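Enquirer: Below are the features listed in TrEMBL for this protein:
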- 1-18: compositional bias 'Low complexity' (COMPBIAS)
- 32-41: compositional bias 'Acidic residues' (COMPBIAS)
- 59-68: compositional bias 'Acidic residues' (COMPBIAS)
- 1-44: region 'Disordered' (REGION)
- 56-75: region 'Disordered' (REGION)
- 122-144: transmembrane segment (TRANSMEM)
- 165-189: transmembrane segment (TRANSMEM)
- 195-214: transmembrane segment (TRANSMEM)
- 226-244: transmembrane segment (TRANSMEM)
- 316-337: transmembrane segment (TRANSMEM)
- 358-376: transmembrane segment (TRANSMEM)
- 407-424: transmembrane segment (TRANSMEM)
- 436-456: transmembrane segment (TRANSMEM)
- 476-495: transmembrane segment (TRANSMEM)
- 501-523: transmembrane segment (TRANSMEM)
């Protein structure tokens, strides 16, 4: 097991000048001697792959300071002032994380919310993105402070049966998301090829080019991050172009953001907006991505500085994703709110509806939509494969070459996706499939959120970086809200789909098993069971 972060042991770092750091930031990183002891431990990134971020070191505190606990405060108070250059070096993981907020499933939720509810749910989109930011900051905190990602920590935290169950849930959620992402990319390829390439051909192309993009990681993490920057910029330009072309009502837009409004007619779309915020595999992904920078978790000042820059970067990244989601929602609100087509629009036919409504112009809006959707699909499938590597390697400590893990992870999703493409090559069928996939992912949300909050609240795991009681209260409130909202979605869905005594009985058994596992995860991460036992013993003593 990797050593605890020195945030917990309160050690201070060795001396180094800013000039030395500046020079070393231009050199490739090399493994340290202490890392050799962990050769059998699976890592998100090898030492040679990490980006040096030029964090200043501090003189070692003397023994008296360590004994009095002043070493920690000395290191913490000596964090260098804000640097734009360092922010640039830390920029990358947050934008990769933000892709999950922009995948084709989210875009479909945006367009349906806009078409059915107009601009009235924009305030909910803003608050949902804020809740997502809180969860992702916790994931980053775990990764930076411990030097290990969430899947690795779960491997040590839970017994074998629970660990396997958590891995299975994470894989199922990832495959469900991946099917939506690959299908979205295939739809975009079909649009841009004017229907020449069928859906299954787009699935194969997406699977192959995913490996091509991931191979860029062999040339450095920053190269892969640059590809994602281009894809996000493509989405931003495409959907901003659509936003400009359609000329939405800005007054309604600002009212929608600032004034909360919800009706029984739009409750399903509201649940969809919130449900799209937390992607279980994305929580695991972000806790691993932050380790792509060379940060020593045994030096508190390095961890504090890294958390500061990652918080800024993640906030900027999700602000960009919020604007892109807002563009999509308002475009469809402008074109289809209050029309008879509003209830029939899905990802597959959205481009055609846009073309009929807004026409060609300088560049047909159908193809603008197709380009944006392609960028969303391609980027999200790559991050899905990336997340799969960390999840599999972390839960089972697999020391496999990355291309082998990529192949295994990709195969989990591509085989069912090709089957889906062959048998669901119609708009109505794809919409039904998408509903089931959303349900599949919603079921998995507690199995990423609860372990995350449990671990980030433990001093044994986080040391001085464990979250305080107030933050714990906020995070558990957000988690409860998200789980409750998704519970409503599941109840609404299954009440309309499940018929008959046998299917109802099977559902009841499944719900009981599901609720029992969720309750186990909650109780295991709190002091409540111990408090109950202590109270019972006192009452009989």
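Every residue gets a Cβ built from N, Cα and C, even glycine.
Map these features onto the structure and tell me what's around them.
Expert: Beyond its flanks by at least six residues, the transmembrane segment (226-244) meets 92, 95-96, 98-99, 102, 213, 216, 320, 323-324, 327-328, 330-331, 354, 363, 365, 368-369, 371-372, 375-376, 378-379, 382-383 of its own chain at Cβ-Cβ distances under 8 Å.
Within its own chain, the transmembrane segment (358-376) is flanked in space by residues 102-104, 107, 181, 184-185, 187-189, 191-192, 231-232, 234-235, 238-239, 241-242, 245-246, 335, 347, 350-352, which lie at least six positions past its ends and keep a Cβ under 8 Å from the stretch.
Residues 171, 174-175, 178-179, 182-183, 186, 198-200, 202-204, 207, 210-211, 384-385, 388-389, 392, 400, 430, 433 of the same chain sit 6 or more residues outside the transmembrane segment (407-424) yet have a Cβ under 8 Å from a Cβ within it.
For the transmembrane segment (436-456), same-chain residues at least 6 beyond its ends with a Cβ under 8 Å from one of its own Cβ atoms are 105, 135, 138-139, 141-142, 150, 153-154, 157-158, 165-166, 169-170, 172-173, 176-177, 179-180, 272, 275, 278-281, 283-284, 287, 462, 466-467, 472, 475-476, 479, 482-483, 486, 489-490, 493-494, 514, 517-518, 521-522, 524-526.
If one looks beyond the transmembrane segment (476-495) by at least 6 residues along the same chain, the residues whose Cβ comes under 8 Å of a Cβ in the stretch are 131, 134-135, 268, 271-272, 274-275, 277-278, 435, 438-439, 442-443, 445-446, 449-450, 453, 507, 518.
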Enquirer: Counting Cβ pairs under 8 Å that are 6 or more apart in sequence, does the total for the transmembrane segment (316-337) and the transmembrane segment (165-189) reach three or more?
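Expert: Contact absent: fewer than 3 Cβ pairs fall under 8 Å.
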